[in-house]
């Protein structure tokens, strides 16, 4: 099986500042470099409207609101090794709003959402504090490799965070 990655990019929303396929492939490749031996090297990234995000979030997670990224792992029978890792649905309007609120560069926040969503596709989660710490540290490591600062660092006016971690369960379980 080839070491090349493939990103199928679907644009279903009007948004001027979407990352290009080259950036998506770079971010995806950087995540996979932290998982030697991972043979699933294909991913679909769909940029969707807030309404589509809300509908999917409601239908699959029981949350009636739009969200930044949703992850849908592809589950093939074990005896059939296929390269598809899964699908990410990203709502660029939510990502842009969060980037402004969190005072982050839009491209950096898109990278974080792709990294975060891909880690979910690889089986990581943040249901409890131990899982969250493991996943967030891996996100920091990967983003650092990309030259992006700690996305969980506390801004001086961020009263909703402790020790650089979001304490709101609402924020923690959005993706």
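Yeah, the Cβs are placed from backbone N, Cα and C, and that goes for glycine too.
What TrEMBL lists as Zn(2+) binding site is 116, 120, 126. DSSP assigns residue 126 (Zn(2+) binding site) to coil, not to a helix or a strand.
Taken from TrEMBL, the feature region 'Disordered' covers 154-175.
Summarising the annotation, TrEMBL assigns compositional bias 'Basic and acidic residues' to 159-175.
If you count neighbouring Cβ atoms within 10 Å for each of the binding-site residues 116, 120, 126, the highest count belongs to 116.
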